[in-house]
Amino acid sequence: MDAVKIYIDFSQDSLKYSALSVAFNPVFWNIAARLEYSTHFLTKLALGRPKCGCYLLAVTIFSLGIIRDLLYEKALRDQPIYGPLDILPVKVFAGLIFAYGNILVLSSMWALGVTGTYLGDYFGILMDARVTGFPFNITDNPMYYGSTLSFLGTALWFAKPAGIALSAFVLVMYLIALRFEEPFTAEIYAKRDRERAAGKKDK
């Protein structure tokens, strides 16, 4: 317990703000996407154009992500260093997992495109088929796991135990988000498939 008190300074407001941002972002985009699906409020704001509505949500989520990253950086600066982590082998490992995390994030965005990345399914913008190439042949959720690795790599690079704790919190929030997102998204596509099947029968 003493080591936790020494190496994670819970009195710093920047740590609290960073944790709040980590928690807020996935809650926000899930609520916003569900509201869009049920009310089409973003599509209406975009004058009835679903793709523009999705782009509006994408800009908002991306901006919130930038704010989250800045708050995380500030939190790390305010936290003490843990000496045993401040060594070259750890920094090499940190650099590798940071790079790998970013490869997962960027390659998944490339594979999905803007609408696939930023919840276009909820706007009725559905993909023709499931993406199975890299990085989705490694994990079903490369963006979430890649983002977590990027957070962890940064924490290890700067030898900050608080950053490791925040990285674990990032993962927990993503796993919670997935419990809501995956079944709902699956039902969106299942509904599309049922409608297609019904249409073929009518013909």
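Yeah, the Cβs are placed from backbone N, Cα and C, and that goes for glycine too.
According to TrEMBL, the S-adenosyl-L-methionine binding site annotation covers ALA99, TYR100, GLY101, GLU181, GLU182.
Summarising the annotation, TrEMBL assigns intramembrane segment to 13-33.
Residues or ranges marked as topological domain 'Lumenal' in TrEMBL: 1-12 (among others).
According to TrEMBL, the feature topological domain 'Lumenal' maps to 34-45 (among others). As a whole-number mean, the pLDDT of the topological domain 'Lumenal' (34-45) in this prediction is 96.
Nonlocal intrachain contacts for the topological domain 'Cytoplasmic' (68-94), taken as residues 6+ away from its ends with a CB within less than 8 angstroms of a stretch CB, comprise 6-9, 12, 14-15, 17-18, 21-22, 25, 151-163, 166. What TrEMBL lists as topological domain 'Cytoplasmic' is 68-94 (among others).
Annotated topological domain 'Lumenal' per TrEMBL: 116-158 (among others), in sequence order. In terms of DSSP helix, strand and coil, the topological domain 'Lumenal' (116-158) has 22 helix, 0 strand, 21 coil.
Residues annotated as topological domain 'Cytoplasmic' in TrEMBL: 180-203 (among others).
According to TrEMBL, the feature transmembrane segment maps to 54-72 (among others).
Sequence annotations record features per position, and here TrEMBL assigns transmembrane segment to 92-112 (among others).
Here TrEMBL flags 158-178 (among others) as transmembrane segment. Within the chain, the transmembrane segment (158-178) has long-range Cβ neighbours (under 8 A, six or more residues past its boundaries) at 4, 7-9, 15, 18-19, 22-23, 25-27, 30, 72, 75-76, 79-83, 85-86, 90, 141, 144-145, 147-148, 151-152.
Long-range contacts of the topological domain 'Lumenal' (34-45) within its own chain (CB-CB distance under 8 A, at least 6 residues past either end) are made by residues 53-54, 56-57, 119, 122-123, 184, 188. A count of other CB atoms within 10 A of each Cβ picks out GLU181 as the most crowded of the binding-site residues GLU181, GLU182.
Only residues 6 or more beyond the boundaries of the topological domain 'Cytoplasmic' (180-203), in the same chain, are considered here, and those with a CB under 8 A from a CB of the stretch are 30, 34, 37, 121-122, 126.
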